[in-house]
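Participant: Okay, these came from TrEMBL:
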TRANSMEM  12-33  transmembrane segment
TRANSMEM  39-61  transmembrane segment
TRANSMEM  87-109  transmembrane segment
TRANSMEM  175-199  transmembrane segment
TRANSMEM  264-285  transmembrane segment
TRANSMEM  291-312  transmembrane segment
TRANSMEM  324-343  transmembrane segment
TRANSMEM  349-371  transmembrane segment
REGION    385-406  region 'Disordered'
COMPBIAS  395-406  compositional bias 'Basic residues'
Amino acid sequence: MKVEWNKKYTTIAVYTIIVATVITLIVLFFLNITFFGTAIAALFSILAPFITGFCIAYLLVRPCRFAEKHWFGFVERKKPHPRLRRSLSIVTIILIVFVIFALLVYFIIPQLIDSITMLFNNIPHYLDSLQNSVVGLLQSWNIYTPQIAEHLDALRATFLDISAFFDKLISSLPVFISSVGTGLFNFFVGMIVSIYVIFAREKFRRQGKKLTYALFSRHFAEKFLDVIHYSNNVFLGFINGTLIDAAFVGITTFIFMTICQFPYALLIAVIIGCTNIIPFFGPFLGAIPSAIILLIVDPWYALAFVIFILILQQIDGNIVMPKIVGLNIGMSAFWVLFSLILFGGLFGFWGMLLGVPVFTIIYSLITAAINNSLEKKGIPRERYLYPKDPFTSSPKKKGKRKPAGN
């Protein structure tokens with residue numbers, strides 16, 4: 001018996017099976033979310049060296065390209081050494097990175113440890129001095145009461161508890177250092193992976209393009225590759241610019257505090273520089289604990305530091321950051337704050353760090369889609385700048401204007 005297939009119902013059946021399969025997989029995922037979470041975490045743990053390598057290659061590919069073009073441009077791309085220029089550029093950039101890292105470890109890390117240790121050893125003395133100053137000030141104003149004394153004692157005890165907590169934390173550093181072996185292994189294996197990726201980047205790029213054109217239509221593949229190219233420029237510009245800007249803010253803070261002979265200049269400069277890589281919230285996250293440290297030492301130090309940070313952030317936010325990052329995203333402060341809260345809530349620290357460039361790409365794609373839709377409807381986008389509503393006001397007809405009075 002010959003079965004006659006109805007194309008319409010066959011298509012409906014196939015789509016029904018696909019939808020049912022997807023729904024089943026989603027239900028199984030949420031019912032066994034712990035199992036899937038453990039499996040995904042194990043997979044990421046196995047692939048950690050490769051993920052680290054791709055991230056390192058992504059950050060170093062531009063410096064390597066610059067070195068290959070400008071530093072070793074005299075090397076000919078001919079046999080018997082057709083790739084000597086690229087090899088020299090990769091080795092040079094990696095050596096520069098290792099030298100910078102070694103200098104940081106040798107000079108800055110020991111001073112940071114000494115500053116932190118000295119700070120927490122001197123906290124009781126600083127608190128006594130601060131409490132005596134506050135008590136003397138209140139007594140001179142005749143507003144010192146036993147209730148205020150109790151609050152000051154409670155506040156002092158709280159700071160001492162925090163100091164004791166950090167003392168325990170510092171004492172546990174050897175255990176923490178011994179547990180970073182896996183991280184160091186992933187880093188060094190990742191460096192090897194990054195060398196292969198940077199050296200054969202054109203090959204990986206060609207393979208990605210071939211796969212894209214094989215899976216999708218030509219029109220969609222070209223649009224997709226355009227989005228990838230734009231996203232790559234946004235991410236690299238944002239990350240590199242943010243790191244340079246953070247270094248500028250940290251170095252400026254260190255120079256100011258050293259000239260003014262503030263205590264813990266290196267420690268506070270590192271805090272300010274590291275937190276400045278987080279947009280919007282970063283300056284506050286770094287300035288508040290730094291001001292508290294200086295407040296414990298001397299309130300006048302804290303006041304001068306806060307004034308300096310306010311001036312520095314105005315200069316950095318309005319002049320330096322736009323020049324260095326060069327990312328004119330066209331987003332208001334509201335959307336920047338929205339992206340930080342959204343991605344920070346979903347992905348924590350990394351969400352706050354990378355939320356702005358990710359949302360920039362999404363924002364740009366939505367804006368492009370809206371502009372294309374307006375152009376198809378014959379509504380110029382510039383009309384949104386006018387007070388009239390472009391959807392209710394009819395466009396003017398082209399033609400000769402009638403003379404006045406007719």
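The backbone N, Cα and C atoms fix where each Cβ goes, glycine too.
Note that the coordinates shown come from a computational prediction; the quantities given were computed from them, not determined experimentally.
Can you tell me where each of these features sits in the structure?
Facilitator: Cβ atoms under 8 Å from those of the transmembrane segment (39-61) belong to residues 93-94, 97, 185-187, 189-194, 196-198, 201, 236, 239-240 of the same chain, restricted to positions at least 6 beyond its ends.
Here the transmembrane segment (87-109) has long-range neighbours at 60, 63-65, 67-68, 71-72, 75, 191, 195, 198-199, 266, 270, meaning same-chain residues at least 6 beyond its ends whose C-beta is under 8 angstroms from one of its own.
Residues 108, 111-112, 115-116, 119, 242-243, 245-247, 249-251, 253-254, 257-258, 293-294, 297, 305, 309, 313, 316, 333, 336-337, 340, 352-353, 356 of the same chain lie 6+ residues outside the transmembrane segment (264-285) yet bring a C-beta within less than 8 angstroms of a C-beta in it.
Beyond the transmembrane segment (291-312), the same-chain residues lying 6 or more positions past its ends with a Cβ under 8 Å from any Cβ of the stretch are 119, 123, 126-127, 130, 133, 159, 249, 252-253, 256-257, 260, 262-264, 267-268, 272, 283.
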